[in-house]
Amino acid sequence: MPSPQVLTTALDFPIATRWLSRSVTGFPGTRRAARNVEESEGGQQDSELKLPNIVSLCIVLCTSALLQVSFFIIVSSSNEYAQHLGGTSTFSGLVIGIPTVFSGLALIPLMKLDQGVYNRPLHFACGSAVLGHVLYALAYKANFLYMVLVGRIVSGFAFTFWMYAKRYCSDARIVGIRRRTTLAGWLVLGQGIGFSLGPFVGGVLYKIGFSNPVFNGFTSPAWIMAGIWTAWWIFTAMFFKDVPIVPPPSTEFELRPIRVPKNQGIDATDSVSQKEAAETNDPERQRTEVFTVESETVVEVTQAENSRMSAPQWGVTATMCWFAMTCFFILGAWESNIPVFTGSSSPLSPFHFSPFAAGNLIALGGACTFPFLFLNVLLAKRYQDRNTLALGTSLGTAGLLIALAILSTETVNYGSLFICWFLVALGFNLASTVTLSLLSKQLPAHWNTRISLAIQYSNYIGRATGAVWGGAGLKVGMLSYVGTQIAIVGVGVVMFSVLWRELKAKTG
(Lines of atoms letter the chains of each structure in order from A and count residues from 1; the text may use other names and numbers.)
(Lines give C-alpha, C1' and ligand atoms only; values in the text may rest on other atoms or scores of the structure.)
Protein backbone atom coordinates (compact mmCIF):
# COMPACT_ATOMS: atom_id res chain seq x y z
CA MET A 1 0.00 0.00 0.00
CA PRO A 2 1.56 3.35 -0.96
CA SER A 3 2.42 5.77 1.77
CA PRO A 4 -0.20 8.48 2.20
CA GLN A 5 0.93 11.82 0.75
CA VAL A 6 -0.03 15.19 2.14
CA LEU A 7 -0.98 18.11 -0.06
CA THR A 8 1.88 20.60 -0.04
CA THR A 9 -0.53 23.50 -0.01
CA ALA A 10 -1.96 22.37 3.31
CA LEU A 11 1.50 22.47 4.82
CA ASP A 12 1.62 26.23 4.37
CA PHE A 13 -0.61 26.49 7.42
CA PRO A 14 1.08 26.17 10.84
CA ILE A 15 -2.00 24.67 12.48
CA ALA A 16 -2.30 21.96 9.86
CA THR A 17 1.40 21.22 10.16
CA ARG A 18 1.20 20.68 13.91
CA TRP A 19 -1.93 18.48 13.52
CA LEU A 20 -0.28 16.36 10.87
CA SER A 21 2.92 15.98 12.88
CA ARG A 22 0.97 14.65 15.86
CA SER A 23 -1.39 12.42 13.86
CA VAL A 24 0.66 10.76 11.15
CA THR A 25 4.30 11.05 12.19
CA GLY A 26 4.89 7.42 11.39
CA PHE A 27 4.49 7.69 7.60
CA PRO A 28 7.63 8.28 5.51
CA GLY A 29 5.91 10.59 3.06
CA THR A 30 4.60 12.72 5.89
CA ARG A 31 8.03 12.91 7.50
CA ARG A 32 9.49 14.17 4.22
CA ALA A 33 6.72 16.75 3.94
CA ALA A 34 7.26 17.82 7.55
CA ARG A 35 10.95 18.33 6.89
CA ASN A 36 10.08 20.46 3.86
CA VAL A 37 7.77 22.52 6.02
CA GLU A 38 10.46 23.04 8.64
CA GLU A 39 12.89 24.22 5.96
CA SER A 40 10.23 26.52 4.51
CA GLU A 41 9.42 27.95 7.94
CA GLY A 42 13.13 28.39 8.61
CA GLY A 43 13.49 30.37 5.40
CA GLN A 44 10.48 32.50 6.30
CA GLN A 45 11.95 33.11 9.76
CA ASP A 46 15.26 34.16 8.20
CA SER A 47 13.38 36.55 5.94
CA GLU A 48 11.57 38.07 8.91
CA LEU A 49 14.87 38.64 10.75
CA LYS A 50 17.02 39.97 7.90
CA LEU A 51 19.10 43.13 8.33
CA PRO A 52 20.84 45.46 5.85
CA ASN A 53 24.60 45.93 5.49
CA ILE A 54 25.77 46.77 9.00
CA VAL A 55 28.12 49.62 8.04
CA SER A 56 25.43 51.27 5.91
CA LEU A 57 22.87 50.76 8.68
CA CYS A 58 25.19 52.43 11.20
CA ILE A 59 25.70 55.34 8.77
CA VAL A 60 21.94 55.82 8.46
CA LEU A 61 21.41 55.67 12.23
CA CYS A 62 24.32 58.01 12.96
CA THR A 63 23.19 60.48 10.28
CA SER A 64 19.76 60.58 11.87
CA ALA A 65 21.35 61.21 15.28
CA LEU A 66 23.58 63.96 13.88
CA LEU A 67 20.52 65.63 12.39
CA GLN A 68 18.93 65.56 15.84
CA VAL A 69 22.02 67.28 17.28
CA SER A 70 21.89 69.86 14.48
CA PHE A 71 18.23 70.52 15.19
CA PHE A 72 18.66 70.99 18.95
CA ILE A 73 22.17 72.43 19.40
CA ILE A 74 20.90 75.98 18.94
CA VAL A 75 17.97 75.56 21.36
CA SER A 76 19.88 76.75 24.44
CA SER A 77 21.02 80.04 22.93
CA SER A 78 18.48 80.72 20.16
CA ASN A 79 16.35 82.95 22.39
CA GLU A 80 19.33 85.10 23.37
CA TYR A 81 20.64 85.09 19.81
CA ALA A 82 17.31 86.25 18.41
CA GLN A 83 17.00 89.00 21.00
CA HIS A 84 20.58 90.15 20.31
CA LEU A 85 19.66 90.57 16.64
CA GLY A 86 16.36 92.32 17.46
CA GLY A 87 13.94 89.38 17.57
CA THR A 88 11.55 88.01 20.21
CA SER A 89 11.04 84.73 22.08
CA THR A 90 8.28 83.75 19.66
CA PHE A 91 10.67 84.41 16.78
CA SER A 92 13.24 82.14 18.43
CA GLY A 93 10.60 79.42 18.53
CA LEU A 94 10.03 80.00 14.83
CA VAL A 95 13.78 79.68 14.23
CA ILE A 96 13.76 76.31 16.00
CA GLY A 97 10.70 74.97 14.20
CA ILE A 98 10.93 76.49 10.70
CA PRO A 99 13.35 73.87 9.26
CA THR A 100 10.69 71.18 9.32
CA VAL A 101 8.31 73.26 7.18
CA PHE A 102 10.82 73.56 4.37
CA SER A 103 11.96 70.00 4.86
CA GLY A 104 8.41 68.92 4.15
CA LEU A 105 8.25 71.11 1.04
CA ALA A 106 11.51 69.62 -0.25
CA LEU A 107 10.52 66.00 0.27
CA ILE A 108 8.19 65.61 -2.73
CA PRO A 109 10.64 66.88 -5.38
CA LEU A 110 13.47 64.94 -3.73
CA MET A 111 11.47 61.73 -3.90
CA LYS A 112 11.19 62.18 -7.66
CA LEU A 113 14.98 62.08 -7.87
CA ASP A 114 15.88 59.44 -5.29
CA GLN A 115 15.24 56.40 -7.58
CA GLY A 116 13.83 54.51 -4.61
CA VAL A 117 17.23 54.33 -2.90
CA TYR A 118 19.18 56.41 -0.40
CA ASN A 119 22.49 57.66 -1.81
CA ARG A 120 21.26 60.93 -3.31
CA PRO A 121 19.14 61.94 -0.27
CA LEU A 122 22.13 61.21 1.99
CA HIS A 123 24.48 63.49 0.02
CA PHE A 124 21.77 66.14 -0.23
CA ALA A 125 21.35 66.07 3.55
CA CYS A 126 25.07 66.40 4.26
CA GLY A 127 25.52 69.30 1.84
CA SER A 128 22.47 71.15 3.14
CA ALA A 129 23.58 70.71 6.75
CA VAL A 130 27.00 72.23 6.04
CA LEU A 131 25.58 75.25 4.19
CA GLY A 132 22.75 75.82 6.68
CA HIS A 133 25.06 75.94 9.69
CA VAL A 134 27.45 78.33 7.92
CA LEU A 135 24.62 80.74 7.11
CA TYR A 136 23.29 80.56 10.68
CA ALA A 137 26.73 81.44 12.04
CA LEU A 138 27.34 84.32 9.59
CA ALA A 139 24.14 86.09 10.72
CA TYR A 140 26.01 87.47 13.76
CA LYS A 141 28.74 89.09 11.67
CA ALA A 142 26.18 90.43 9.20
CA ASN A 143 23.94 91.59 12.09
CA PHE A 144 20.92 90.43 10.09
CA LEU A 145 18.13 88.72 12.02
CA TYR A 146 16.51 86.99 9.06
CA MET A 147 19.78 85.41 8.00
CA VAL A 148 19.37 83.17 11.05
CA LEU A 149 16.05 82.09 9.62
CA VAL A 150 17.54 81.50 6.17
CA GLY A 151 20.28 79.34 7.68
CA ARG A 152 17.75 77.22 9.50
CA ILE A 153 15.63 76.90 6.36
CA VAL A 154 18.63 75.53 4.44
CA SER A 155 19.33 73.16 7.35
CA GLY A 156 15.73 72.03 6.98
CA PHE A 157 16.56 70.55 3.59
CA ALA A 158 19.00 68.27 5.43
CA PHE A 159 16.23 67.08 7.72
CA THR A 160 14.55 65.40 4.75
CA PHE A 161 16.79 62.46 5.55
CA TRP A 162 14.75 61.72 8.68
CA MET A 163 12.07 60.31 6.41
CA TYR A 164 14.64 58.27 4.49
CA ALA A 165 16.12 56.93 7.73
CA LYS A 166 12.67 55.76 8.83
CA ARG A 167 12.02 54.28 5.39
CA TYR A 168 15.38 52.52 5.41
CA CYS A 169 14.60 50.89 8.77
CA SER A 170 11.27 49.55 7.48
CA ASP A 171 12.29 48.77 3.88
CA ALA A 172 11.14 45.22 3.12
CA ARG A 173 13.99 44.77 0.63
CA ILE A 174 16.56 44.84 3.41
CA VAL A 175 14.74 44.67 6.80
CA GLY A 176 12.66 41.75 8.04
CA ILE A 177 9.27 42.36 9.60
CA ARG A 178 10.53 41.32 13.05
CA ARG A 179 13.43 43.78 12.98
CA ARG A 180 11.57 47.00 12.26
CA THR A 181 10.54 48.06 15.76
CA THR A 182 14.05 47.25 17.00
CA LEU A 183 15.62 49.49 14.35
CA ALA A 184 13.03 52.17 15.08
CA GLY A 185 14.14 51.91 18.70
CA TRP A 186 17.72 52.64 17.63
CA LEU A 187 16.50 55.67 15.70
CA VAL A 188 14.72 56.97 18.80
CA LEU A 189 17.83 56.32 20.89
CA GLY A 190 19.71 58.57 18.46
CA GLN A 191 16.87 61.04 18.81
CA GLY A 192 17.42 60.99 22.57
CA ILE A 193 21.13 61.63 22.08
CA GLY A 194 20.33 64.59 19.87
CA PHE A 195 17.87 66.34 22.14
CA SER A 196 20.12 65.95 25.20
CA LEU A 197 23.63 66.32 23.75
CA GLY A 198 22.62 69.18 21.45
CA PRO A 199 21.30 71.62 24.09
CA PHE A 200 24.13 70.67 26.48
CA VAL A 201 26.89 71.37 23.97
CA GLY A 202 25.13 74.54 22.83
CA GLY A 203 24.88 75.73 26.44
CA VAL A 204 28.54 74.96 27.16
CA LEU A 205 29.69 76.82 24.05
CA TYR A 206 27.50 79.78 24.99
CA LYS A 207 29.05 79.87 28.47
CA ILE A 208 32.60 79.73 27.09
CA GLY A 209 31.66 82.63 24.87
CA PHE A 210 34.71 83.19 22.66
CA SER A 211 34.58 86.99 22.37
CA ASN A 212 35.03 87.05 18.63
CA PRO A 213 32.70 88.56 16.01
CA VAL A 214 32.83 85.34 14.00
CA PHE A 215 33.32 82.51 16.51
CA ASN A 216 31.43 83.22 19.73
CA GLY A 217 28.82 81.76 22.05
CA PHE A 218 26.03 82.26 19.54
CA THR A 219 27.84 81.08 16.40
CA SER A 220 30.30 78.44 17.66
CA PRO A 221 27.68 75.63 17.76
CA ALA A 222 26.94 76.20 14.08
CA TRP A 223 30.61 76.41 13.05
CA ILE A 224 31.46 73.20 14.90
CA MET A 225 28.51 71.33 13.39
CA ALA A 226 29.47 72.56 9.92
CA GLY A 227 32.94 71.03 10.41
CA ILE A 228 31.49 67.75 11.71
CA TRP A 229 29.09 67.50 8.78
CA THR A 230 31.90 68.11 6.28
CA ALA A 231 33.93 65.23 7.74
CA TRP A 232 30.85 62.99 7.92
CA TRP A 233 29.98 63.73 4.29
CA ILE A 234 33.40 62.47 3.20
CA PHE A 235 33.03 59.35 5.36
CA THR A 236 29.59 58.45 4.01
CA ALA A 237 30.73 58.96 0.41
CA MET A 238 33.47 56.40 1.01
CA PHE A 239 31.61 53.71 2.92
CA PHE A 240 27.84 53.87 2.35
CA LYS A 241 26.52 50.95 0.30
CA ASP A 242 23.10 51.60 -1.18
CA VAL A 243 20.28 49.12 -1.68
CA PRO A 244 19.59 47.73 -5.18
CA ILE A 245 17.35 49.82 -7.42
CA VAL A 246 14.54 47.28 -7.51
CA PRO A 247 10.89 47.53 -6.42
CA PRO A 248 10.26 46.20 -2.89
CA PRO A 249 8.40 42.92 -2.48
CA SER A 250 4.67 43.49 -2.41
CA THR A 251 3.55 40.66 -0.17
CA GLU A 252 5.41 41.04 3.11
CA PHE A 253 2.92 42.30 5.62
CA GLU A 254 0.80 40.79 8.31
CA LEU A 255 -2.18 38.90 6.95
CA ARG A 256 -5.41 38.60 8.82
CA PRO A 257 -7.13 35.23 8.23
CA ILE A 258 -10.44 35.32 6.40
CA ARG A 259 -12.76 32.75 7.93
CA VAL A 260 -15.21 31.10 5.55
CA PRO A 261 -18.03 28.76 6.72
CA LYS A 262 -17.25 25.12 6.09
CA ASN A 263 -20.05 24.56 3.60
CA GLN A 264 -18.73 27.46 1.53
CA GLY A 265 -15.03 26.74 1.99
CA ILE A 266 -14.45 24.67 -1.16
CA ASP A 267 -16.24 27.13 -3.47
CA ALA A 268 -14.52 30.18 -1.98
CA THR A 269 -11.16 28.54 -2.07
CA ASP A 270 -11.58 27.24 -5.60
CA SER A 271 -12.54 30.74 -6.74
CA VAL A 272 -9.50 32.31 -5.13
CA SER A 273 -7.17 29.57 -6.33
CA GLN A 274 -8.45 29.76 -9.91
CA LYS A 275 -8.08 33.52 -9.97
CA GLU A 276 -4.53 33.37 -8.63
CA ALA A 277 -3.61 30.58 -11.04
CA ALA A 278 -4.94 32.57 -13.96
CA GLU A 279 -2.84 35.56 -12.91
CA THR A 280 0.37 33.62 -12.34
CA ASN A 281 -0.03 30.66 -14.77
CA ASP A 282 1.27 28.50 -11.95
CA PRO A 283 -0.37 25.02 -11.87
CA GLU A 284 0.55 24.61 -8.21
CA ARG A 285 -1.73 27.53 -7.32
CA GLN A 286 -4.72 25.54 -8.59
CA ARG A 287 -4.54 23.10 -5.70
CA THR A 288 -7.13 23.40 -2.97
CA GLU A 289 -5.73 25.35 0.02
CA VAL A 290 -8.16 24.28 2.71
CA PHE A 291 -7.96 22.62 6.07
CA THR A 292 -10.77 22.10 8.59
CA VAL A 293 -10.71 23.39 12.17
CA GLU A 294 -13.90 22.53 14.07
CA SER A 295 -16.70 23.92 11.88
CA GLU A 296 -14.82 26.52 9.86
CA THR A 297 -12.31 26.65 7.02
CA VAL A 298 -9.51 29.21 7.25
CA VAL A 299 -8.22 30.74 4.05
CA GLU A 300 -5.41 33.30 3.98
CA VAL A 301 -5.74 35.55 0.95
CA THR A 302 -2.87 37.80 -0.09
CA GLN A 303 -4.18 41.35 -0.50
CA ALA A 304 -0.95 43.19 -1.23
CA GLU A 305 -2.02 44.06 -4.74
CA ASN A 306 -5.21 45.66 -3.48
CA SER A 307 -4.62 49.41 -3.55
CA ARG A 308 -7.61 50.24 -1.37
CA MET A 309 -7.30 50.47 2.37
CA SER A 310 -9.99 49.04 4.59
CA ALA A 311 -11.72 51.15 7.24
CA PRO A 312 -9.63 49.64 10.09
CA GLN A 313 -6.44 50.29 8.12
CA TRP A 314 -7.46 53.92 7.65
CA GLY A 315 -8.15 54.14 11.37
CA VAL A 316 -4.77 52.67 12.32
CA THR A 317 -2.98 54.98 9.85
CA ALA A 318 -4.77 58.04 11.23
CA THR A 319 -3.94 57.00 14.79
CA MET A 320 -0.24 56.54 14.03
CA CYS A 321 -0.06 59.86 12.19
CA TRP A 322 -1.77 61.60 15.10
CA PHE A 323 0.71 60.17 17.60
CA ALA A 324 3.65 60.97 15.30
CA MET A 325 2.47 64.59 15.36
CA THR A 326 1.64 64.57 19.08
CA CYS A 327 4.99 63.19 20.24
CA PHE A 328 7.04 65.76 18.36
CA PHE A 329 4.65 68.60 19.12
CA ILE A 330 5.09 68.05 22.85
CA LEU A 331 8.83 67.30 22.74
CA GLY A 332 9.45 70.35 20.53
CA ALA A 333 7.30 72.55 22.75
CA TRP A 334 9.22 71.58 25.89
CA GLU A 335 12.61 71.93 24.23
CA SER A 336 11.88 75.49 23.10
CA ASN A 337 9.94 76.51 26.21
CA ILE A 338 12.40 75.45 28.92
CA PRO A 339 15.03 78.12 28.06
CA VAL A 340 12.32 80.77 27.70
CA PHE A 341 10.39 79.86 30.87
CA THR A 342 13.40 79.27 33.15
CA GLY A 343 15.10 82.47 31.95
CA SER A 344 12.03 84.67 32.38
CA SER A 345 10.91 86.91 35.22
CA SER A 346 7.52 85.17 35.42
CA PRO A 347 6.18 84.73 38.98
CA LEU A 348 5.80 81.03 38.18
CA SER A 349 9.53 80.69 37.49
CA PRO A 350 11.99 80.94 40.39
CA PHE A 351 15.01 80.11 38.23
CA HIS A 352 16.34 83.04 36.12
CA PHE A 353 18.49 80.54 34.24
CA SER A 354 21.13 81.38 31.67
CA PRO A 355 21.14 79.45 28.37
CA PHE A 356 23.89 77.28 29.86
CA ALA A 357 21.77 76.28 32.86
CA ALA A 358 18.68 75.72 30.71
CA GLY A 359 20.70 73.55 28.34
CA ASN A 360 21.93 71.51 31.29
CA LEU A 361 18.36 70.91 32.48
CA ILE A 362 17.28 69.77 29.02
CA ALA A 363 20.34 67.55 28.66
CA LEU A 364 19.97 66.00 32.13
CA GLY A 365 16.37 65.01 31.48
CA GLY A 366 17.32 63.57 28.10
CA ALA A 367 20.33 61.70 29.47
CA CYS A 368 18.22 60.04 32.15
CA THR A 369 15.99 58.54 29.44
CA PHE A 370 18.92 56.70 27.78
CA PRO A 371 18.85 53.53 29.90
CA PHE A 372 15.11 53.15 29.35
CA LEU A 373 15.28 53.81 25.61
CA PHE A 374 18.13 51.30 25.30
CA LEU A 375 16.10 48.79 27.30
CA ASN A 376 13.25 49.33 24.86
CA VAL A 377 15.57 48.36 21.99
CA LEU A 378 16.44 45.11 23.77
CA LEU A 379 12.83 44.28 24.65
CA ALA A 380 11.20 45.28 21.36
CA LYS A 381 11.09 41.66 20.19
CA ARG A 382 9.06 40.62 23.24
CA TYR A 383 6.31 43.24 23.42
CA GLN A 384 3.74 44.40 20.92
CA ASP A 385 3.96 47.90 19.50
CA ARG A 386 0.54 48.85 20.86
CA ASN A 387 1.74 48.11 24.42
CA THR A 388 4.80 50.33 23.90
CA LEU A 389 2.53 53.08 22.59
CA ALA A 390 0.22 52.81 25.59
CA LEU A 391 3.12 52.80 28.07
CA GLY A 392 4.86 55.77 26.48
CA THR A 393 1.64 57.79 26.30
CA SER A 394 0.88 57.05 29.96
CA LEU A 395 4.32 58.18 31.14
CA GLY A 396 4.24 61.35 29.05
CA THR A 397 0.72 62.22 30.18
CA ALA A 398 1.75 61.74 33.81
CA GLY A 399 4.50 64.32 33.28
CA LEU A 400 2.03 66.78 31.76
CA LEU A 401 -0.46 66.34 34.61
CA ILE A 402 2.27 66.92 37.21
CA ALA A 403 3.37 70.04 35.31
CA LEU A 404 -0.21 71.33 35.30
CA ALA A 405 -0.48 70.71 39.04
CA ILE A 406 2.76 72.49 40.02
CA LEU A 407 1.99 75.45 37.76
CA SER A 408 -1.55 75.86 39.09
CA THR A 409 -0.33 75.70 42.72
CA GLU A 410 2.76 77.83 41.98
CA THR A 411 5.10 75.24 43.51
CA VAL A 412 7.57 75.03 40.65
CA ASN A 413 11.13 74.16 41.64
CA TYR A 414 14.08 72.47 39.98
CA GLY A 415 13.19 68.98 41.17
CA SER A 416 9.52 69.12 40.19
CA LEU A 417 10.24 70.63 36.77
CA PHE A 418 12.94 68.04 36.15
CA ILE A 419 10.54 65.17 36.97
CA CYS A 420 7.97 66.59 34.55
CA TRP A 421 10.53 66.97 31.76
CA PHE A 422 11.99 63.51 32.34
CA LEU A 423 8.56 61.83 32.14
CA VAL A 424 7.59 63.84 29.05
CA ALA A 425 10.89 63.11 27.30
CA LEU A 426 10.83 59.40 28.15
CA GLY A 427 7.15 58.82 27.44
CA PHE A 428 6.81 60.55 24.10
CA ASN A 429 10.17 59.36 22.79
CA LEU A 430 9.07 55.84 23.66
CA ALA A 431 5.70 56.31 21.96
CA SER A 432 7.34 57.69 18.81
CA THR A 433 9.24 54.41 18.40
CA VAL A 434 6.30 52.47 17.01
CA THR A 435 4.42 54.84 14.73
CA LEU A 436 6.02 53.77 11.44
CA SER A 437 7.07 50.25 12.43
CA LEU A 438 3.51 49.28 13.35
CA LEU A 439 2.14 50.59 10.06
CA SER A 440 4.84 48.83 8.04
CA LYS A 441 3.78 45.53 9.59
CA GLN A 442 0.11 45.96 8.77
CA LEU A 443 0.28 47.44 5.27
CA PRO A 444 1.81 46.04 2.06
CA ALA A 445 5.55 46.53 1.62
CA HIS A 446 5.15 48.51 -1.60
CA TRP A 447 3.28 51.16 0.41
CA ASN A 448 6.33 51.81 2.57
CA THR A 449 7.26 55.05 0.81
CA ARG A 450 3.76 56.45 1.21
CA ILE A 451 3.40 55.59 4.88
CA SER A 452 6.94 56.84 5.61
CA LEU A 453 5.98 60.13 4.01
CA ALA A 454 2.73 60.36 5.98
CA ILE A 455 4.50 59.71 9.29
CA GLN A 456 7.30 62.16 8.47
CA TYR A 457 4.88 64.94 7.55
CA SER A 458 3.11 64.33 10.84
CA ASN A 459 6.46 64.63 12.62
CA TYR A 460 7.20 67.86 10.77
CA ILE A 461 3.86 69.38 11.69
CA GLY A 462 4.48 68.47 15.31
CA ARG A 463 8.03 69.83 15.38
CA ALA A 464 7.16 73.13 13.68
CA THR A 465 4.00 73.92 15.63
CA GLY A 466 5.43 72.58 18.90
CA ALA A 467 8.53 74.79 18.73
CA VAL A 468 6.43 77.90 18.05
CA TRP A 469 3.95 76.92 20.77
CA GLY A 470 6.78 76.47 23.27
CA GLY A 471 8.29 79.85 22.41
CA ALA A 472 4.90 81.48 22.91
CA GLY A 473 4.18 79.59 26.16
CA LEU A 474 4.60 82.63 28.41
CA LYS A 475 2.43 84.82 26.21
CA VAL A 476 -0.49 82.39 26.05
CA GLY A 477 -0.08 81.45 29.72
CA MET A 478 1.70 78.39 31.05
CA LEU A 479 -1.51 76.69 32.16
CA SER A 480 -3.00 77.02 28.68
CA TYR A 481 0.33 75.90 27.22
CA VAL A 482 0.28 72.60 29.16
CA GLY A 483 -3.49 72.14 28.99
CA THR A 484 -3.45 72.21 25.18
CA GLN A 485 -0.88 69.42 25.16
CA ILE A 486 -3.04 67.30 27.46
CA ALA A 487 -6.04 67.82 25.18
CA ILE A 488 -4.05 66.71 22.12
CA VAL A 489 -2.91 63.56 23.93
CA GLY A 490 -6.50 62.91 25.00
CA VAL A 491 -7.64 62.77 21.37
CA GLY A 492 -4.95 60.19 20.66
CA VAL A 493 -5.92 58.09 23.68
CA VAL A 494 -9.50 57.92 22.43
CA MET A 495 -8.28 56.86 18.99
CA PHE A 496 -6.07 53.99 20.11
CA SER A 497 -8.60 52.85 22.71
CA VAL A 498 -11.24 52.46 20.01
CA LEU A 499 -8.81 50.74 17.64
CA TRP A 500 -6.96 48.65 20.23
CA ARG A 501 -7.77 45.34 18.53
CA GLU A 502 -6.67 46.63 15.15
CA LEU A 503 -3.30 47.78 16.51
CA LYS A 504 -2.12 44.23 17.08
CA ALA A 505 1.06 43.47 15.12
CA LYS A 506 4.05 41.13 15.15
CA THR A 507 6.71 41.83 17.75
CA GLY A 508 10.30 42.72 16.94
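Here the Cβ of each residue, glycine as well, is placed from N, Cα and C on the backbone.
Copied over from TrEMBL:
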COMPBIAS  276-286  compositional bias 'Basic and acidic residues'
REGION    267-286  region 'Disordered'
TRANSMEM  54-77  transmembrane segment
TRANSMEM  89-110  transmembrane segment
TRANSMEM  122-139  transmembrane segment
TRANSMEM  145-165  transmembrane segment
TRANSMEM  186-208  transmembrane segment
TRANSMEM  220-240  transmembrane segment
TRANSMEM  314-334  transmembrane segment
TRANSMEM  354-377  transmembrane segment
TRANSMEM  389-408  transmembrane segment
TRANSMEM  414-439  transmembrane segment
TRANSMEM  451-472  transmembrane segment
TRANSMEM  478-500  transmembrane segment
Which residues, given as numbers and ranges, are at least 6 beyond the ends of the transmembrane segment (89-110) yet have a Cβ under 8 Å from it?
71, 74-75, 78-79, 81-83, 120-121, 124, 132, 145, 148-149, 152-153, 155-160, 162-163, 332, 335-336, 340, 453, 456-457, 459-461, 463-472, 474-475
Answer yes if the transmembrane segment (220-240) and the transmembrane segment (389-408) have at least three CB pairs under 8 Å among residue pairs 6 or more apart in sequence, and no otherwise.
no
Rank 54-77, 186-208, 389-408, 414-439, 451-472 by Cβ pairs under 8 Å to the transmembrane segment (354-377) and hand me the top one.
186-208
Best-contacting stretch, by C-beta pairs under 8 Å, relative to the transmembrane segment (389-408) and drawn from 54-77, 186-208, 414-439:
414-439
Interface present between the transmembrane segment (414-439) and the transmembrane segment (186-208) (three or more C-beta pairs under 8 A):
yes
May I ask for the residues of the chain that lie six or more residues beyond the transmembrane segment (145-165) and have a Cβ under 8 Å from a Cβ within it?
60-61, 63-64, 67, 70-71, 74, 81-82, 85-87, 91, 94-96, 98-103, 106-107, 110, 114, 118, 121-122, 124-129, 131-139, 187, 222, 452-453, 455-456, 459
At a Cβ cut-off of 8 Å, and with pairs 6 or more apart in sequence only, do we get at least 3 pairs between the transmembrane segment (478-500) and the transmembrane segment (314-334), yes or no?
yes
Do we see three or more Cβ pairs under 8 Å linking the transmembrane segment (314-334) and the transmembrane segment (54-77), pairs being at least 6 apart in sequence?
no
